[in-house]
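Under the heading active site, proton acceptor, TrEMBL lists H151. What TrEMBL records for C159, C162, C183, C186 is Zn(2+) binding site. The feature compositional bias 'Basic and acidic residues' is assigned by TrEMBL to 308-324, 338-362. The domain 'Deacetylase sirtuin-type' annotation in TrEMBL covers 14-280. Summarising the annotation, TrEMBL assigns region 'Disordered' to 289-374.
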Amino acid sequence: MGPQPEYSVDEPVRLLEGNDLKALAKYMKSDSCRNVFLMLGAGVSTSAGIPDFRSPETGSGCNDPGLYANLARLKLPYPEAVFQIDFFRRNPVPFYTLAKELYPGRFRPTPAHSFIKVLHEHSLLHTCFTQNIDTLERRAGVPGEKIIEAHGSFATQRCIDCKRPYDDEKIKRAVINSDIPRCERCNGLVKPDIVFFGEALPVQFHTSIRSLRDADLLIVMGTSLTVHPFASLVGLVPKGCPRVLINLDEVGNFSRLDDLVLLGKCDDIVRELCRELGWEEELDREWEATADSVEGEDRLPVSENEGEEKVSDELDRITKDIEKSLAISEGTSSPGPDADKPEEKTKDKDNEGKDPLDKNGLEQEVPLASEGKL
């Protein structure tokens, strides 16, 4: 017999026929793609006019400074103190001044958010992991059970002392009226269930990451992939699962055979993808359905680009409001019971290739504010 052909049992089988949107769309329409997972960061919401907190420039592609850069000029011990739990106990005014400006209902979901709703309508969406606390996924019509808010959100709130939940309408009225909500049971401060520095990530985040093993496709949008453990999720899908990065800049390690990197604005790329899928009319219909989602004062961008143009003015105005509130509250707030308590230290133990599911849970390295948005 002649020489036998060599076979490698470890040789991967490619699922995408190319490295472009056409190949991705064809795979998404195939029987092989049934469970689509998403990972969202700040860049998905900047076109709504929501400032990017973290970077020197906003994730919208503008040359406007992020909110942290603006907060640096205020009388805060450091800009991130707005999201530090011990500082919040001593002086909740800066946070609630900020919350009033960025509270849910004041911004319209973006076409990228509506794309997630379209995925759900096609029975493809398994889970949407988001670092964002703006609840725009919910406001776009994505069912709450499909969303994992890894860093919490404004959707619920509770007392920071006795943990009693607080009524949605009551906190909304308090925020609008510039009042500081307090617990009706123990008079403790009430805080939205967003993750501050020194706080653990939601239990739901830890329990849901196991489902990534069932992923047929992972789409990562608008994130720097520098905040752990969230960034580690990229490495938890099966090795043969196609992974797609949609971002202004190339980040992370997308070097697998079926990885696809698409650079540009999230809204633009998802529109091109929907065009390839034959879903563009559905995308437009879902986004138009969000036109009435803005409550109260009209802060609704009339076009997909107008929100980005408003970011710079919004940053200046928000920062000035916080500066004024600090001047008013300076010297009036007293340290809370945990004012001298050292901040909880956490570590990042998760890297791609190491499965954190074998541990008792992931540990938080950086809270939501560091990803860059509220």
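Every residue number used here counts from 1 along the chain in the order it is shown.
Note: Cβ is positioned from N, Cα and C throughout, glycine not excepted.
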* **Shell list (Zn(2+); ref centroid = CB of C159, C162, C183, C186; cutoff 8 A)** => I160, D161, K163, R164, R182, E184, R185, N187, G188, V190
* Structure fact -> Rounded to a whole number of Å, the separation of the Cα atoms of H151 (active site, proton acceptor) and C159 (Zn(2+) binding site) comes to 17
* Would you count the other C-beta atoms found within 10 angstroms of the C-beta of C186 (Zn(2+) binding site) for me? => 12
* Asked: Counting other CB atoms within 10 A of each CB, which of the recorded positions H151, C159, C162, C183 comes out lowest?
  -> C162
